[in-house]
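Worksheet for the structure shown next.
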Amino acid sequence: MRRISTLYGVVDKQAIFFSEVVIGISFNSILFLFHIFQFLLERRLRITDLIISLLALIHLGMLTVMGFRAVDIFASQNVWNDIKCKSLAHLHRLLRGLSLCATCLLSIFQAITLSPRSSCLAKFKYKSTQHSLCSLLVLWAFYMSCGTHYSFTIVADYNFSSRSLIFVTESCIILPMDYITRHLFFILGIFRDVSFIGLMALSSGYMVALLCRHRKQAQHLHRTSLSPKASPEQRATRTILLLMSFFVLMYCLDCTISASRLMHNGEPIHHSIQMMVSNSYATLSPLLLIVTENRISRFLKSLLGRTVDA
């Protein structure tokens, strides 16, 4: 009876896990294809649109890697070796770093876009896409430099018996590090994450201040408590602020679960729960952007209309 309940528990987690992957890949594909069509029609993309399309592509890669790792969590065939373990772990970390950097960069560039002409940030408004890509690479290099150890401490499980081992999947484990090395990389990771969250907080706070100032000016000019219709830049700013809030919430939840798992030497099934939480941003952020972006809604309606007419 206990085996049956355990089996049902694993099947339920597996269904949720793969549902998250399928839903996330679907939404990110829609978001990415929309920006591809926009580029083909208009022959240009705003910097923020370019970053969003890159973010969708990064999330597609993250969720694909997550699907491969899920196969070994729920249905291990014991065929994974060190190369597979290290490759998938390194690729997932690389893509997760790019996701964090792109989200941070999106917040910064939206703050620059919203800034008034008198602001010191105005001179950055018309920078080329090459500058934005270079900025992304610089942020990503900083991210990766503070966490390279993780990928190299993952190996295939060759019947290690130590209780201090942490399982990543059924076939892959994280080898324990000595006290000094572990705490050194922990401090570096905290410094890295606080730096990125701090940049997001500063740019988000700046955008909130600009929106509040614009609202007061609009109320003063129109002599009414109702502000006029928001501009596209202001609507985009509110969407990105919502995106930043969701990212920080998921990040804090991921850190809490990760700390709990490390304290209790979590099994692969516990790691799968952490993976579901850590990848929820990649799954739900495109849905948030699709729902709040009028251009995408109109594009989908016209596409569905043509399909029905055909």
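Even glycines carry a Cβ here, placed using N, Cα and C.
Look at Swiss-Prot and you will find C85-C172 tagged as disulfide bond, backed by sequence analysis. Neighbours of C172 (disulfide bond), defined as other CB atoms within 10 A of its CB across all chains, total 26.
Annotation source Swiss-Prot lists N-linked glycosylation site at N159.
As annotated by Swiss-Prot, topological domain 'Extracellular' applies to 1-20 (among others), with the evidence given as sequence analysis.
Residues or ranges marked as topological domain 'Cytoplasmic' in Swiss-Prot (evidence: sequence analysis): 42-46 (among others). Secondary structure by DSSP for the topological domain 'Cytoplasmic' (42-46): 1 helix, 0 strand, 4 coil.
The topological domain 'Extracellular' annotation in Swiss-Prot covers 68-93 (among others). Mean model confidence of the topological domain 'Extracellular' (68-93) amounts to 70 (pLDDT, 0 to 100 scale).
Positions annotated as topological domain 'Cytoplasmic' by Swiss-Prot, on the basis of sequence analysis: 115-135 (among others). Beyond the ends of the topological domain 'Cytoplasmic' (115-135), by six or more residues, the same chain brings 45, 47, 50-51, 105, 109, 206, 210 to within a C-beta distance below 8 angstroms of the stretch.
The topological domain 'Extracellular' feature in Swiss-Prot is assigned to 157-183 (among others); the stated evidence is sequence analysis.
Summarising the annotation, Swiss-Prot assigns topological domain 'Cytoplasmic' to 205-238 (among others).
The topological domain 'Extracellular' annotation in Swiss-Prot covers 260-271 (among others).
The feature topological domain 'Cytoplasmic' is assigned by Swiss-Prot to 293-310 (among others), with sequence analysis given as support.
As annotated by Swiss-Prot, transmembrane segment applies to 21-41 (among others). Outside the transmembrane segment (21-41) by six or more residues, the chain places 49-50, 52-53, 56-57, 59-60, 63-64, 66-67, 70, 279, 282-284, 286-287, 289-290, 295-296, 299-300 with a CB less than 8 A from a CB of the stretch.
Annotation comment: Swiss-Prot describes 47-67 (among others) as transmembrane segment.
If one looks beyond the transmembrane segment (94-114) by at least 6 residues along the same chain, the residues whose Cβ comes under 8 Å of a Cβ in the stretch are 46-48, 51-52, 54-55, 58-59, 61-62, 65, 121-122, 124-125, 132, 135-136, 139-140, 143-144, 147, 196, 199-200, 203-204, 206-207, 210-211, 233-234, 236-237, 240, 243-244, 247, 278, 281-282. According to Swiss-Prot, the feature transmembrane segment maps to 94-114 (among others), an assignment based on sequence analysis.
Under the heading transmembrane segment, Swiss-Prot lists 136-156 (among others).
Under the heading transmembrane segment, Swiss-Prot lists 184-204 (among others), citing sequence analysis as support. Proximity of distant same-chain residues to the transmembrane segment (184-204), defined by a Cβ-Cβ separation under 8 Å and at least 6 residues beyond the stretch ends, is recorded for 100-101, 103-104, 107-108, 110-111, 139, 142-143, 146-147, 149-150, 177, 241, 244, 247-248, 251, 255.
Look at Swiss-Prot and you will find 239-259 (among others) tagged as transmembrane segment.
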Local Cβ density at C85 (disulfide bond) - other Cβ atoms counted within 10 Å:
23
DSSP-derived structure type at C85 (disulfide bond), helix or strand or else coil:
helix
How many helix, strand and coil residues does the topological domain 'Cytoplasmic' (115-135) contain under DSSP?
10 helix, 0 strand, 11 coil
